[in-house]
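Structure first, commentary second.
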Amino acid sequence: MAVPPSTYPHRLLPLFLGLFQAALLLFFALFITYDEPSAQEDDTSLVANQVYSTFPFFQDIQVMLVVGLGLLLTFLPRYGFSSLTHNFLLLNFSMQWALVLQGLLHHFHHGQIHLDLHKLLVSEFAAVTVLISVGAILGRASPCQLLVMATCEIPIYLATEWVIVTCLGVLDVGGTITIHLFSCYFGLGVSKALFRATQQPLHPKETPTPSSDLVSLVGTLILWVFWPSFVAVLCQPGDAQHRAILNTLLAMSAGAITTVVASSLLERDGKLSPGHLQNGSLAGGVAIGVVADMAVPPVAALALGSLSAVVCVLGFGFLTPLLRRKLALHDQCGIHNLHGLPGILGSAASVVAVLVASKDTS
């Protein structure tokens, strides 16, 4: 019995994912393996210490991406279920796709790729770029379009990261440049390509409700709590990691308070905007990532967190409407204000930190 033509688009998603997972099963069967168990007691202790030191951070990041970011994207009242499920789907798809590409590019030795927790963690960092970029077109793209976007974005991200970190030697432990800036402008580019025809008025379904804002705020709180793990996980254990955690906490604390001040002053009725709080309180974590492990004084972390929150709130108040009006640029979640502007501010701060650092500073 023939399938009605109208159902064909609905078959594309399971067909696409089924073929991808089948190909991945074949690839894993042929090329992916684990390291041989070590008989040396010292080597076994070293592996155990690496797992015990990394896995708690890894779990924190999992909670951030699956629960925190998923809930943050539920501010659209008619798109809450789709936001959660698409975020979960894209995370798993992008992580596996990044794991394959990174294995082939960097870890393919003697016909095998040896899998470990660090490779999986780096692959999740690549998947984060897709989850951020989706914010620009949230609710306006089909699941198949999102998967095609992820398929294209991951290799471009890997190439960009290689150029920035390996070729240029940029220090960016928290992904301010390689993750936040890249994903922001990639997502805005996709938005412009998909919706470049005319300026579209705000649809009634795009207006948040008090209940959807409340759920989104819960996602913000989860991201705020676990953000130091995201910044510090790839730092060298010891002083650098300790410094990254402290700087991130200071920046995000200052950013949360400054967001309340800036939003209340910007709004005509003096009330706090839920959208400002959902994004501005996280802006400090975006900006501090590039300098988190550097020898910067605590006051610098506080100042950077406050400035990034102000920039984020002002972006929502003035820049987003301007870009929509002048360039017909649609940014559903305001990723330019949360990831782009604080990312630029953090990048500038890293240049200043390197220039003013004393010669005896490592």
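Every residue gets a Cβ built from N, Cα and C, even glycine.
If you look up TrEMBL, you'll see 12-34 (among others) marked as transmembrane segment.
Per TrEMBL, domain 'Ammonium transporter AmtB-like' is recorded for 25-354.
Look at TrEMBL and you will find 54-76 (among others) tagged as transmembrane segment. Same-chain residues lying 6 or more positions outside the transmembrane segment (54-76) and placing a CB less than 8 Å from one of its CB atoms are 83-84, 87-88, 91, 117-118, 120-121, 124, 127-128, 131, 134-135, 138-139, 205-206, 208, 212-213, 215-216, 218-220, 222-223, 226-227, 229-230, 232-233, 274-275, 278, 332-333.
The feature transmembrane segment is assigned by TrEMBL to 88-108 (among others).
For the transmembrane segment (120-139), the residues of the chain that approach it from at least six positions outside its boundaries are 54, 58, 61-62, 65, 69, 73, 76, 79, 82-83, 86-87, 90-91, 94-96, 98-99, 102, 146, 149-150, 153-154, 157-158, 161, 175, 179-180, 182-184, 186-188, 190-191, 194-195, 205-206, 233-234, 330-335, 339, judged by C-beta separation under 8 angstroms. The transmembrane segment annotation in TrEMBL covers 120-139 (among others).
Per TrEMBL, transmembrane segment is recorded for 146-171 (among others). For the transmembrane segment (146-171), the residues of the chain that approach it from at least six positions outside its boundaries are 13, 16-17, 86, 89-90, 93-94, 97-98, 101-102, 105, 126-127, 129-130, 133-134, 137, 177-178, 182-183, 186, 190, 290, 293-294, 350, judged by C-beta separation under 8 angstroms.
Within the same chain, residues 125, 128-137, 140-141, 145, 149, 153, 156-157, 160-161, 164-165, 170, 286, 289-290, 327-332, 335-336, 339-340, 342-344, 346-347 sit at least 6 positions outside the transmembrane segment (177-195) and bring their C-beta atoms closer than 8 Å to a C-beta of that stretch. Summarising the annotation, TrEMBL assigns transmembrane segment to 177-195 (among others).
Summarising the annotation, TrEMBL assigns transmembrane segment to 215-233 (among others).
The transmembrane segment annotation in TrEMBL covers 245-265 (among others).
With a cut-off of 8 Å between Cβ atoms, the residues of this chain six or more beyond the transmembrane segment (277-296) that come close are 72, 75, 171-177, 179-180, 213, 216-217, 219-220, 223-224, 227-228, 230-232, 235-236, 240-241, 243-244, 247-248, 251-256, 258-260, 262-263, 304-309, 311-313, 316, 334, 337-339, 341-343, 345-347, 349-350, 353-354, 357, 361-362. The feature transmembrane segment is assigned by TrEMBL to 277-296 (among others).
Per TrEMBL, the feature transmembrane segment maps to 302-323 (among others).
Positions annotated as transmembrane segment by TrEMBL: 335-357 (among others). Proximity of distant same-chain residues to the transmembrane segment (335-357), defined by a Cβ-Cβ separation under 8 Å and at least 6 residues beyond the stretch ends, is recorded for 132-133, 135-136, 171-172, 176-177, 180-181, 183-185, 187-188, 279-280, 282-284, 286-291, 294-296, 300, 304, 307-308, 311-313, 315-316, 319-320, 323.
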* Apart from its near flanks, which chain residues at least 6 from the ends of the transmembrane segment (88-108) lie with a Cβ under 8 angstroms of it? -> 17, 20, 24, 27, 31-32, 65-66, 70, 114-115, 119-120, 122-124, 126-127, 129-131, 134, 143, 146-147, 150-151, 153-155, 158
* Roughly where does the domain 'Ammonium transporter AmtB-like' (25-354) sit in mean pLDDT, to the nearest integer? -> 91
